Every structure is written in C-alpha cells, then in structure tokens.
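Here is what Swiss-Prot says about this protein:
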- Asn9, Trp10, Lys11, Gly173, Ser212, Gly233, Gly234: substrate binding site (BINDING)
- His95: active site, electrophile (ACT_SITE)
- Glu167: active site, proton acceptor (ACT_SITE)
Amino acid sequence: MRHPLVMGNWKLNGSTHMVNELIAGLRKELSTVDGCGVAIAPPAIYLNQAKHELAGSRIALGAQNVDVNLSGAFTGETSAEMLKDIGAQYIIIGHSERRTYHQESDELIAKKFGVLKEIGLIPVLCIGESEAENEAGQTEAVCAKQLDAVLNTLGVKAFEGAVIAYEPIWAIGTGKSATPAQAQAVHKFIRDHIAKQDAAVAAQVIIQYGGSVNDKNAAELFTQPDIDGALVGGASLKADAFAVIVKAAAKAKKA
C-alpha cells in the first residue's frame, strides 16, 4: 500500500527567523501525526539551518531544484551530491515555475531525474498542463509527453521509489483548484500510463496533487484513490494550515 506524502514547497520565501519559527510550529502541530510522510523544501540558502531545526523530527528535508552537473564551473547552481551531503532527500524537479521562467525542457528535467536517482535522492517530478492546454482538451497528452521524457530515456524502473506531482498550471497560486473528480481522473491516467510498461511500478509510485491545495479542500481531494498526498505551496508557509493538510492525508489513507 502506498504511503501518502505531503511536501511543502516554500518557493522564494524565508528568513532565518521564519525558518526557526515555522519549523518549531510544524514540529508542535505534527508531533502526533502518523501514517503520512512529511517533507519541506526551503530555499537552498536555508537548507542547513532547516536541517538542524528538523533534527529528531519525522519531517524530511527537501529542495526546490538541482543542477544536472555534479561539480565544475556552473555559477549559482547546486548539485545532487551537495544536496545529499546536507541531508536533503526529496528534490523537486520540473516545477512549472522552472519550466516557464527558466525555459527548462522535458529533456533537461529527465536528465535531472537521472542524476538524482544515480546519487540516491528522491525525485519529485512535477507535470501538468496550462490553462490553454486544459481548455483544448490536451491535459492527458501533455502529461504523457512529460512522463515519456523520463520513461523513454531512463526506463520505467526509474519511477521505483520516485514521486510525481500533478500540478495543473492554471490552478497554481490562483485560488482555483481542480475538483477531486477532475484531479482523480488525471492521477489515474498518470498511473495507467506508467502501468502500460510496468503495473507494479505504477502501483507503488506516489502521485501528489499540486494545484492550490489548502486546509479547506485537502480532505476531499485525499479521498480519491490515486491521490497520494500533496505538493503544497502557499499553505506550507503557515504551520497550522499545513498541519491540517497533513492530518487530512493521514486520516483519508487510514480509512
């Protein structure tokens, strides 16, 4: 049985004070929660501080991006080996903001996926369609293309122990969210697409929902059979709201 994972993507938010305060709040709110994996991805500059603040807790450390290179003349980048060295486990790749603002291609993201697997880190592969693609009925085609970039270069076994986050771009930071039924349909398509090559791999892969998940809509989303937690943006910056989402995932998947 799949173990749900709720991960907080802090994006470009944080300060030394906020890291201390938010993690203290999370530790308090989540101290008794069982049955749901939890991870946070602060900005890279705060990873070491977050690692120390998380010590002894069950909250895993994540990161928001990685470079394809392990070392060398790549100013401003962070390698998979560095992330592993500092204690990060879950690494977000392919987020729509990276695809849009940094023109990251499916091919580059597949390379990042491969590097993370090679180093022993867990890729959190973000896929999803824009509003125009959604309205044109291209959701499944877009998701398939983004998955195939990994499947065709690394093979289906690469998804063993990996995480996929379906993030409809039109729902990120907009307050809009897919209905539970809409989200479930896409999550099922993603799992079925992988199952065409290996049903066992498809059955174990965690597929998070990442489109404006908050403390109000989480419980209903998590009742869906193929939604295995969430990649949370804005709500992950508030300990109480994030805790509601984690608790909803733990409760729904225990039922």
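Keep in mind that glycine also has a Cβ here, set from the backbone N, Cα and C atoms.
Not measured: the values here are computed from a predicted model.
Shown here: features listed in Swiss-Prot, placed on the structure.
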{"residue": "Asn9", "record": "substrate binding site", "CB count, 10 Å": "26"}
{"residue": "Trp10", "record": "substrate binding site", "CB count, 10 Å": "22"}
{"residue": "Lys11", "record": "substrate binding site", "CB count, 10 Å": "18"}
{"residue": "His95", "record": "active site, electrophile", "CB count, 10 Å": "29"}
{"residue": "Glu167", "record": "active site, proton acceptor", "CB count, 10 Å": "27"}
{"residue": "Gly173", "record": "substrate binding site", "CB count, 10 Å": "13"}
{"residue": "Ser212", "record": "substrate binding site", "CB count, 10 Å": "22"}
{"residue": "Gly233", "record": "substrate binding site", "CB count, 10 Å": "22"}
{"residue": "Gly234", "record": "substrate binding site", "CB count, 10 Å": "19"}
Largest CA-to-CA spread of substrate binders Asn9, Trp10, Lys11, Gly173, Ser212, Gly233, Gly234, angstrom: 14
Cα separation, Glu167 (active site, proton acceptor) to Ser212 (substrate binding site) (Å, whole number): 9
C-alpha spacing of Glu167 (active site, proton acceptor) relative to Gly234 (substrate binding site), in angstrom: 14
Alpha-carbon distance [the residue listed as 'active site, proton acceptor'; His95 (active site, electrophile)] in Å: 8
Between Glu167 (active site, proton acceptor) and Gly173 (substrate binding site), the C-alpha gap once rounded to whole angstrom: 11
